[in-house]
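What follows is a short report on a single structure.
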Amino acid sequence: MAISSAEGMELQDPKMNGALPGNAVEQEHEGFLPSHSPSPGRKPAQFMDFEGKTSFGMSVFNLSNAIMGSGILGLAYAMAHTGILLFLALLLCIALLSSYSIHLLLTCAGVVGIRAYEQLGQRALGPAGKVVVAAVICLHNVGAMSSYLFIIKSELPLVIATFLDMDPEGDWFLKGNLLIIIVSVLIILPLALMRHLGYLGYTSGLSLTCMLFFLISVIYKKFQLGCTVGHNGTAVESKSSPSLPIHGLNTSCEAQMFTADSQMFYTVPIMAFAFVCHPEVLPIYTELCRPSKRRMQAVANVSIGAMFCMYGLTATFGYLTFYSSVEAEMLHMYSQHDLLILCVRLAVLLAVTLTVPVVLFPIRRALQQLLFPSKAFSWPRHVAIALILLVLVNVLVICVPTIRDIFGVIGSTSAPSLIFILPSIFYLRIVPSEVEPLYSWPKIQALCFGVLGVLFMAISLGFMFANWATGQSHVSGH
C-alpha cells in the first residue's frame, strides 16, 4: 500500500479501467486487449498490436514506486519486536507471497483480457465483486492518506521548531494536530480540487528518491552515532507514552536475533502494508514494451526483490541504531537539530504532502463511479467528496495515537485482501475448469493462499483488538 500506490489507477484511460464496448466483452478470450472485427484484408488485432512503449527498466521503476510507501518508516519497529533473523525471514515470506499473488493476477488478466483490478472483481463475482474490490482499494488508500498526514503531524513541528530554534512542544502553532489542518486546507485541498492530476503524477519518482535518501541517511547515522540507547542525546525522546524511559525495552546495545512480545503481531501487517502494489500491476503491464506474462512477472520479481533489499537494510540499520527504543515512525527518533536528518525530513514531508492528493483522486473516482455512475461531472459533488474525505482523514489522524495503529489496521484488512484473498478468488473463479480443473494443484495452491490470507487477517486483528482492550497498545507503544 506505497506512497504512489494509487497513482496508476487515476492515470488510466477508460479502457484501462475496463470501460469497454459491449462487444469487447465477447472478444476477451482472443487476447489480453479486446479487438473489434477486422476490416477485410486485415489480420485480427493481437496483444502485440497494442504494445506499450515503456522499457523493462522503467517498468521496474514504476512498480517500485507503487510498492514504496510510508510503511518503510515502521519496519525497524517491527524488527525490534521480532528480532533480526525472524524479521528478515518474515519479510522474505511476504515478498515471495506478493510475487505469487501477482502471478495469479497476470494469469487471470491473460484469460479474460481485463486490465483493471476492479474489473477482475466484476468478472469473478459480478457487480458485487466490483463494489467489494473498489471498497477495499478505497480503504487502503484512506489508510495510506492517514499515514502520510500522520508523518506531517509528527515531523512538521520538528522542522518548524528547528528553523525557529524553539521547543516543538512549546507554542500553539507548533502543535501537530493544528499543522495538519493548515496543510490540508492551504496545500492539499487546492491540489485535490483539480480535475486532472497533471504534473502531480510525477511525485511517484520523488517519493522513491526521498526514501532512497532516507535509507542512505539511516545507514550513515548508524555509523556516526554508534549506540544511542540510554545515554546518547541524539535520539529524540518518545512523547507518546510518558511512562516509558528513553531506553525503552532494552537497556543495552545488544541486538536480538529472535524475540517475541505482544507487539510482534503488528510486524506482519506492517510488512504487508509495505508491499501492496497490486492495483497498479495491470496498468504497468499494459504499458510494458514487448508485453508477455513472463516479462511482466520478471518486472514484478525485480521490483519486489529491490524493495526487499531496501526494506531489509532500512530496518536493520534503524534497529541497530536505536534497538528496542525505536518508534513506529523511525524518523521521529532522530534529533531535530541534526542537519542531515532535517534535509531528510523536508524531503519526506514534500513527498507525502504532494502524494496525498494523488491518492485522493482514485478514491473520489471510485466513489463517483459507485454512487453516481450515470451522472455528468459536477463541481459541487467534486468539491464535496474531496472535503468529506479530507475531514474524515484529518479526524482519524488526530484521534489515532500512533502511526503503528494505522499500519496495523490497514495491514490487517485491506493489505491481505489485495495481496492474498482477492487474487486467489479471481483465480478460482476466472480460470476455466477446462484449463485448470478445480482439484488441480494450481487451484489448490490458490485456495490455500486465500485461506492463509483470511487466517492472517483474523489473527492479526484479534491480537490488535486484544491489545487495545487490555491497554497494552499504550503501555508498550511508541
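Yeah, the Cβs are placed from backbone N, Cα and C, and that goes for glycine too.
Record features (Swiss-Prot):
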type	residues	note
DISULFID	CYS227-CYS253	disulfide bond
CARBOHYD	ASN232	N-linked glycosylation site
REGION	1-20	region 'Disordered'
SITE	THR470	site 'Involved in pH-sensing to the transport activity regulation'
TOPO_DOM	1-57	topological domain 'Cytoplasmic'
TOPO_DOM	81-93	topological domain 'Extracellular'
TOPO_DOM	115-131	topological domain 'Cytoplasmic'
TOPO_DOM	153-172	topological domain 'Extracellular'
TOPO_DOM	194-198	topological domain 'Cytoplasmic'
TOPO_DOM	220-263	topological domain 'Extracellular'
TOPO_DOM	285-301	topological domain 'Cytoplasmic'
TOPO_DOM	323-340	topological domain 'Extracellular'
TOPO_DOM	362-382	topological domain 'Cytoplasmic'
TOPO_DOM	427-445	topological domain 'Cytoplasmic'
TOPO_DOM	467-478	topological domain 'Extracellular'
TRANSMEM	58-80	transmembrane segment
TRANSMEM	94-114	transmembrane segment
TRANSMEM	132-152	transmembrane segment
TRANSMEM	173-193	transmembrane segment
TRANSMEM	199-219	transmembrane segment
TRANSMEM	264-284	transmembrane segment
TRANSMEM	302-322	transmembrane segment
TRANSMEM	341-361	transmembrane segment
TRANSMEM	383-403	transmembrane segment
TRANSMEM	406-426	transmembrane segment
TRANSMEM	446-466	transmembrane segment
Average pLDDT across the topological domain 'Cytoplasmic' (427-445), rounded to a whole number: 91
Best-contacting stretch, by C-beta pairs under 8 Å, relative to the transmembrane segment (58-80) and drawn from 173-193, 264-284, 341-361, 383-403, 406-426: 264-284
Range from 132-152, 264-284, 302-322, 341-361 with the greatest count of C-beta pairs under 8 A to the transmembrane segment (406-426): 264-284
Integer Cα-Cα distance in angstrom, THR470 (site 'Involved in pH-sensing to the transport activity regulation') to CYS253 (disulfide bond): 30
Cβ-Cβ under 8 Å with the transmembrane segment (383-403): same-chain residues at least 6 beyond its ends: 70, 73-74, 142, 145-147, 149-151, 153-154, 177, 180-181, 184, 188-189, 192-193, 240, 327-329, 360, 363-364, 367-368, 473-474, 477-478
Cβ neighbour count within 10 Å of CYS227 (disulfide bond): 15
Annotated stretches the transmembrane segment (264-284) and the transmembrane segment (446-466) touching (3 or more Cβ pairs under 8 Å): yes
Per Cβ pairs under 8 Å, the stretch of 94-114, 132-152, 173-193, 302-322, 341-361 packing most closely against the transmembrane segment (446-466): 94-114
Densest Cβ neighbourhood among CYS253, THR470 (recorded positions), 10 Å radius: CYS253
Dominant neighbour of the transmembrane segment (341-361) in 132-152, 173-193, 302-322, by Cβ pairs under 8 Å: 132-152
Contact check, the transmembrane segment (132-152) vs the transmembrane segment (94-114), 3+ Cβ pairs under 8 Å, seq sep 6+: no
Three-state secondary structure, THR470 (site 'Involved in pH-sensing to the transport activity regulation') (per DSSP): helix
Long-range Cβ neighbours of the topological domain 'Extracellular' (153-172) (under 8 Å; 6 or more residues past either end): 178-180, 183, 236, 239, 329, 331-332, 336-337, 342, 345-346, 348-349, 397-398, 403
